[in-house]
Amino acid sequence: MDPLILASGSLRRQEYLRLLGIPFSIMVARGEETLTPGLSPREQAEQLAEKKVNEVIDVLKGRLPPWIVGADTVVTLDGEIFGKPKDREDAKAMLSRFRGREHTVVTAAALFNGQTRTTDIRSQETAVVFSRISDDEIEWYLNTGEWQGVAGAYKIQGMGACFISEIRGSYSSVVGLPIHDFYVMLRENGYPYGA
């Protein structure tokens, strides 16, 4: 099986590739994850995932490997897009906005095929409902530090799950890689995985 280049430093995405038994190396995209005004949350996530792939292609300068994968996650509520919190206060504001409400998590994956020189991009939207958490619960969670470096300031696969009363859609997408969509992408683009 050809190894992939994962254009992400995300431990969650690395864990998923290991669980799937897909060999990979890591080449972290270094660009800023800036949002483009006027794009929908789905378009934002797709653009950011593709940008990560393109940054790796640029660094390799023509020495293209067979496969590169990039992914990105954004959280949206009331038309506002939430990325990774800048600091503790930003994380507190996000968690306060989510409490007792449903928000949407959008994760996009971009798969570059070096043989065809094409990039396939897919995204998944998942509804996540937060319980009515108290200010004390938010402070407790902030003190764990788990909010750092993750879109929406919580980890569904960690202590953040304590606050989630319902999920409709793909759990793996909320974690950081929509596994089913990724599997279909691999198969449809000729990556030798599955039956």
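Any Cβ shown, glycine's included, is placed from N, Cα and C.
From a predicted model like this one, the values you see are computed outputs, not experimental measurements.
What TrEMBL records for R12, T73, Q157 is site 'Important for substrate specificity'. TrEMBL lists D72 with the feature active site, proton acceptor.
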**Item:** recorded positions near Q157 (site 'Important for substrate specificity'), in sequence order, restricted to R12, D72, T73 and a 10 Å Cα cut-off
**Value:** R12
**Asked** Between R12 (site 'Important for substrate specificity') and D72 (active site, proton acceptor), what is the CA-CA distance rounded to a whole number of Å?
**Response** 12
**Request:** Would you mind checking how many other C-beta atoms are within 10 angstroms of the C-beta on T73 (site 'Important for substrate specificity')?
**Result:** 28
**Fill in**
Across every protein chain in view, the count of C-beta atoms other than its own within 10 A of the C-beta of Q157 (site 'Important for substrate specificity') is 16
**Request:** Would you pick out, from the recorded positions R12, D72, the residue whose Cβ has the largest number of other Cβ atoms within 10 Å?
**Result:** D72
